[in-house]
Amino acid sequence: MQTAGAAHFAVDSWAQQAGWSKAADRQKRAIGRVRAWALLCGVLAAVSGAGAAQLGSGHPNAARWAAFAAAVAAGAVPLLNRQVGRTQVQDWTRLRSISEAYKTEIYRFLAGVGPYRSTADAPALLQRTVDGIRAEAADLLPHIAGMTLDPSRPLPAVSDVDSYVQVRLRGQITGYYRPRAARMHRRLRAVRRAELGLGALGVLLAAGSGAFHVEQLAAWVAAVSTVAAALVAYATAAKYEYQELEFLRTAAELERLLCEWDVSADHGPAAQDTLVSRCEHVISVLNDTWMVKWTSEA
């Protein structure tokens, strides 16, 4: 347990953690926007191309403009996709990892476990540790350059292991991992429904074109197939299914540790150190696996 005076040394580190977290969020939003625009351009290219074929000689000017829009949109897709390559994704995952590394040390410090049990040495140790984390991420400093830090941001209400369990452990399970898994599930379900709807529409158009010899429908079959492929590519890049699985896995592992702690009769210093270490390890494993998964497939 740290004294109020000792906790004051964590305020600056906590403000820095907020900066890294905001930078990670901003990088992720930028990647998401670019991917959304790429999806939109892919849909526009397919629809405009089919429209140009439908207009044909009956409306030559409109057909030319539709063909022009299709060409521009199709050409924009690879340009946009190049903006979210391995480097951009790796920067995002590393920014998130740095933010979580700050969190780990600050929570350990506030709970007064492990090397932070000595209140006399804890502030200096925390400072050296976060300085080391920051030094390892020196190449990412441009992402937080110019960002205003808020030194008045309140520290987590953690002062011992019991409050750590309530704020950090339970908070991560019920306030982050479970809700995030539910969000990914909803997005994945929406994508799958859209894929099913587009597939059914494609089948109906193809059947109508063949059975009733409506040649105009053939162009729309190709357009619907292209839109479906663009949607699949978008969902694959977003990794909704993978994220849902990892959030659920991490929540389940933390719940297991919480259950073990609740039923254990040993809540001594060594057991406290082990609990916090194992919890932070579970959280860090998620970040590490994300870094490997996202960058290897970017």
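Numbers here mean position along the shown chain, with the first residue as 1.
Each residue, glycine too, has its Cβ placed from N, Cα and C.
Because TrEMBL annotations are produced automatically, they should be read as predictions rather than curated entries.
Per TrEMBL, domain 'SMODS and SLOG-associating 2TM effector' is recorded for 164-290. The annotation transmembrane segment is assigned in TrEMBL to 36-56, 62-80, 194-212, 218-237.
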Quick check on the domain 'SMODS and SLOG-associating 2TM effector' (164-290): DSSP residue counts for helix, strand, coil, in that order please.
117 helix, 0 strand, 10 coil
Near the transmembrane segment (194-212), which residues from the same chain, at least 6 beyond its ends, have a CB less than 8 A from one of its CBs?
218, 220-221, 224-225, 227-228, 231-232
Can you work out the mean pLDDT of the predicted model over the domain 'SMODS and SLOG-associating 2TM effector' (164-290)?
94
